[in-house]
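*Asks:* Feature list, courtesy of TrEMBL:
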- 6-24: transmembrane segment (TRANSMEM)
- 82-100: transmembrane segment (TRANSMEM)
- 106-131: transmembrane segment (TRANSMEM)
- 152-177: transmembrane segment (TRANSMEM)
- 275-297: region 'Disordered' (REGION)
- 294-334: domain 'UBA' (DOMAIN)
Amino acid sequence: DKAPLSKSLLLVPSAISILLTLLFQHYQKFFAYNLQAIKEDFQFWRLVCGRTICLDLKDTFCSSLLIYNFRIFERRYGSRKFASFLLGAWMLSALFDLLLVEIAQYIFGITINSLPSGFLGPVFALFVPFYSSIPRVQVAQVLGHFSITNKTLVYILGLQLLTSGSYIWILALSGLVSGICYNSSILKVHRILCVPSWVAKIFSWTLEPIFSSAEPTNEFRVGMGATVDIQRQQRMELLDRQIMMSQVAQMRRQRQQQGGMINWNRLFPPLRHRHNANYQDHRPSEQDTPPPTEVSEEQVARLMEMGFSRGDALEALRASNNDLNVATNFLLQH
């Protein structure tokens, strides 16, 4: 939904790649990214065909999954701005491909006549805004030290795509450099390499109705989040707040029925007498009595907004050494 360009890039090149691999293998030579033919025979059309369709199904599968994950940028920026980024990254990466091949030949003496085919440069370029603008949301933790986030799978797919060919590192490096140039507005390339408004209107009238999808109805709509991950996190936070407020209301009703203040001596004896390791039941002397802890009025106000009285909030914060989380937990649990 709201990503027709991503859907077209996911379906059309993948379908052509499968057809070329299974049925029309004799036409694969027209989609080879042959640099020697481009430089010596001036077959510049290979810059279009060779940098659009993958001839390796593994590359097709990995790039398709990455495009599916990167559809969040089209939802965030709009189809025209997303198409402008892909166009700019595609053109810049073509230039950097030729430069990196010449540099590799000059420094290392490596002669590279062809590179892996496909829409790989812009795909690697999308890792730049993905790294800088998509927030990390921890999903799980492995062995207590390694965090699994919502971005881990995307990086694993990029690593798998990077190791699928011998010279694909050139495409990855040129894509990353072009993504940095476009994303950081170096030399104002985002203003030069952009899709004109009239072209965007033509494609919105012709192709968008074909690749557009109906809005899903099985998910609760949240209008604040810019991405699906942010919306899910907001739903979880909203549910946590609702549970907390219901617990607060329940505890207020219980205290009203009991008609008394909370027995803080029962709840916080180790906290209030932490300074004396050999604590006994007798009353401590005035010399051993610690000075009263200064309580932040801001934290008192936050607890009062949750429905607790000022006296309970002050006692909880003093007993917990001004720790708002500990005070809140004790107020909710007792």
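In case you wondered, yes, glycine gets a Cβ from its N, Cα and C as well.
I'd like to know what surrounds each of these features in this structure.
*Replies:* Here the transmembrane segment (106-131) has long-range neighbours at 9, 13, 17, 31-36, 50-56, 59-60, 63, 66-67, 70, 73, 85-86, 89-90, 93-94, 97, 151, 154, 158, 161, 164-165, 167-168, 170-172, 174-176, 178-180, 182-183, meaning same-chain residues at least 6 beyond its ends whose C-beta is under 8 angstroms from one of its own.
Sequence-distant contacts of the transmembrane segment (152-177), counting only residues of its own chain at least 6 positions beyond either end whose CB sits under 8 Å from a CB of the stretch, comprise 56, 58-59, 62-63, 65-66, 69, 89, 92-93, 96-97, 99-101, 104, 112, 115-116, 120-125, 127-128, 130, 139.
Secondary structure of the domain 'UBA' (294-334) per DSSP, as helix, strand and coil residue counts: 29 helix, 0 strand, 12 coil.
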